[in-house]
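Colleague: Relevant sequence annotations retrieved from TrEMBL are reproduced here:
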- B:8-26: compositional bias 'Low complexity' (COMPBIAS)
- B:1-30: region 'Disordered' (REGION)
- B:40-60: transmembrane segment (TRANSMEM)
- B:72-97: transmembrane segment (TRANSMEM)
- B:117-138: transmembrane segment (TRANSMEM)
- B:150-169: transmembrane segment (TRANSMEM)
- B:181-203: transmembrane segment (TRANSMEM)
- B:215-237: transmembrane segment (TRANSMEM)
- B:280-301: transmembrane segment (TRANSMEM)
- B:313-337: transmembrane segment (TRANSMEM)
- B:395-417: transmembrane segment (TRANSMEM)
Number of protein chains: 2
Amino acid sequence: MAVRRRPAAAAAGDLPPQAPPADAAPTPAPDELVLRPPNLRVAAVAAVLFLAPFSYLSFVRYRLGADLQRSILKCGAMSLIGFCVALKLIPVAASYHLRRRMFGYDINKKGLPTGQIKVPEALGLVVGIIYLVIAIIFQQFHYAPDSIWLVEYNAALASVCFMILLGFVDDVLDVPWRVKLALPTFAALPLLMAYAGGTSIIIPKPLTPYVGLTVLELGLFYKLFMLLLAVFCTNSINIHAGLNGLEVGQTIVISAAVLIHNVMRIASSTDIETQQAHEFSIYLVLPFLTISLALLAFNWYPSIVFVGDTYTYFAGMALAVIGILGHFSETLLLFFLPQVLNFLCSVPQLFHFVPCPRHRLPRFDPETGLLTGTKDGNLVNIFLRLFGKCSEKALCIRLLIFQALCCVFCFWLRYMLTGWYK
Amino acid sequence: MAVRRRPAAAAAGDLPPQAPPADAAPTPAPDELVLRPPNLRVAAVAAVLFLAPFSYLSFVRYRLGADLQRSILKCGAMSLIGFCVALKLIPVAASYHLRRRMFGYDINKKGLPTGQIKVPEALGLVVGIIYLVIAIIFQQFHYAPDSIWLVEYNAALASVCFMILLGFVDDVLDVPWRVKLALPTFAALPLLMAYAGGTSIIIPKPLTPYVGLTVLELGLFYKLFMLLLAVFCTNSINIHAGLNGLEVGQTIVISAAVLIHNVMRIASSTDIETQQAHEFSIYLVLPFLTISLALLAFNWYPSIVFVGDTYTYFAGMALAVIGILGHFSETLLLFFLPQVLNFLCSVPQLFHFVPCPRHRLPRFDPETGLLTGTKDGNLVNIFLRLFGKCSEKALCIRLLIFQALCCVFCFWLRYMLTGWYK
């Protein structure tokens, strides 16, 4: 009923970067788009790899309490429904995105026919919205309206939703870089405002003689730390990107690690509040991981859809929120080790100490189909320089294995140092 | 850092509906867009008209408590900052929207040179985001982290934010009509889940002998009523549209009425919870009204920007949330009387009992500059048929006066019936 007439959505002049030869078959109009089917095998393999350890720990190894198990099953069932809905909706949304010219060309396939396909962009939107709906409905089943957890739960929802909104705005409008950096600050506000947990840190035992304290009350500085963590998580996932499946893959690995950490802490802790915090985390991570698997089925090499800043921002904020409200932000930072390294390598270019091109991607050779590392400072290129040329898919898998190894290292470190360090 | 190369944003083929003659001066590229300055006079007049009664009642007539007055002043100061930021940001965002082809042509000016101007669309996004930021920061100044109001406050934020997201998605992707209707259902969920207020209604006194009860406990049905209210508010503002300034104008009138109602109830009530509920409402409505004034300065006839479904959804959900959490949803419905009438007139076309064209706007005569009512069933056309042809601006003013009269009628009805009815 609006007072406007839309300009034709798919205008003429939508040529791929390198126009096809005149005698080529005409490409179908975007409206007739038929996406290739999603790669369900990858989703299934990833589901087994990343959900099996959590299920084993919850139901076999530690035999969590019956109430908690029931809640996890409820949450899991809702997540599964979300997974199916996402599989169904992503192709529908993809055709809408194409029609509104929200697409990109895959730079890592430039020179190949597949490099001329319009890949719909910003499909993280679909999983973000489904995630919100699952998280909201789960609330009804689990938290009484007077639960103290509900303040934080709703604050978490508000933060994640705000971040999805800003991410989608960024995808649609291409916000300038300096504004981009500030967006998570706004989105994190509801969370910071609602945070009612402790604001003190425990001084590591070896340092207590020097500091003269066992617990340091940080007050407002703790909130500043949380804000920086949220800004870091969102931006660091956003810049550790550029390969098919890498954005979604890394968040799936981190989520799986978070789930395992939660279960182990619930089993090993006797403090009821710690247990509740980790339960809270499970209910937020499990649906996040599951719907990300649906996105992975479309985004795995060769990508049928791109996830967009909508997804990377959404994922970063969701994980930050979960780490903060679950009271394990230090551990979360260890899970983010590759992102920390990638960020550190990127600093000289991001802050323009050395020149920074528009994209810092490897060079693709259409003859061999292999990627070669450039001198740009990020993990993608460093891996190529260290371990030699390889295909995009192989590189993505190597980076995901590195992510998983960092999580394993974090577990080792945490459980080796317990008692001695804290 | 994404793996994509954007197609050129402003492609060739962006011709206005009626191509200008070949010898016409070339239109400037969207990047060079210079918007006409906003109509600050209208914003100032509206501010006086709609904020003066509230200020008079709060600070002169009823002399609300000093604490409450201080809070209102704080909220007002933040709203004023929001107003200035919105005035600054709307033109910036407008150029981004144009670049991403989010624009429309003003149908009510078809045939005139102004009908060929690309008017940037969906600028409700800017005020929506600013509103969220103000509402979140205000929280910090006002509510302690353990306040019971914080659950509902955060739920309200989550609902409004979710609605802005879905509205913007609708503006960008042009969601089908049946999906559109369902969107507020999702967005209202956080609110329904968090609602901890009463779920009973007081039976009007004249009916108690027949019902046999003075209070009827509705339980889940009350939540259903709230859901329907949220769906109704969002959609009814969305379909009472089509004239420059009407969407923003109607919500400003309703907000002013809500503010007056809040103050009167705080002054007349002795129940502390009722007072708190209406205070809560003030803190959410005041910034909403103020930033809407900034949008009005751009959207008033002749519109420099269109507000989009982003704004109508945002406004509808914000008002619904405020009415529900402030516990005055029945009164709110009376403020919505023109929207109710417009909805009832629209039912035959909306549900396709009679044919429904794409737009149900009046006919514009470029010779005289006047609008003539068509047979389509909505208030815009009915007003033209009843009171004769007039200009777009005059019609908008007439409709806004009608909205204000309905609010006055509601006050009269409420205060006449108090005691007898309830």
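Using N, Cα and C of the backbone, Cβ positions are placed for all residues, glycine too.
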Colleague: Any residues 6+ beyond the ends of the transmembrane segment (B:117-138) with a Cβ under 8 Å from its own?
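Modeller: Tertiary neighbours of the transmembrane segment (B:117-138) are 14, 16, 30, 74-75, 78-79, 81-82, 85-86, 89-90, 93-95, 97-98, 102-106, 156-157, 160-161, 164, 167-168, 171-172, 283-284, 287-288, 291-292, 294-295, 298-299, 303-312, 314-315, 318.
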Colleague: Within the same chain, where does the transmembrane segment (B:40-60) have neighbours whose Cβ lies under 8 angstroms from its own Cβ atoms, ignoring anything closer than 6 residues to its ends? I mean 6 or more beyond.
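Modeller: Distant contacts of the transmembrane segment (B:40-60): 69, 72, 249, 252-253, 255-256, 259-260, 263-264, 267, 289-290, 293-294, 296-297, 300.
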Colleague: So which residues does the transmembrane segment (B:181-203) touch in its own chain, when a touch means Cβ under 8 Å and the partner is 6 or more beyond its ends?
Modeller: 148, 151-152, 154-156, 158-160, 162-163, 166-167, 170, 175, 211, 213-223, 226-227, 230-231, 233-235, 277, 313, 316-317, 320-321, 324-325, 327, 422
Colleague: Six or more residues out from either end of the transmembrane segment (B:215-237), which same-chain residues have a Cβ under 8 Å from its Cβ atoms?
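Modeller: Counting only partners 6 or more residues beyond its ends, the transmembrane segment (B:215-237) has Cβ contacts under 8 Å with 159, 163, 180-181, 183-185, 187-188, 191-192, 195, 199-203, 247, 250-251, 312-313, 315-317, 319-321, 323-324, 329, 332-333, 336, 339-340, 342-343.
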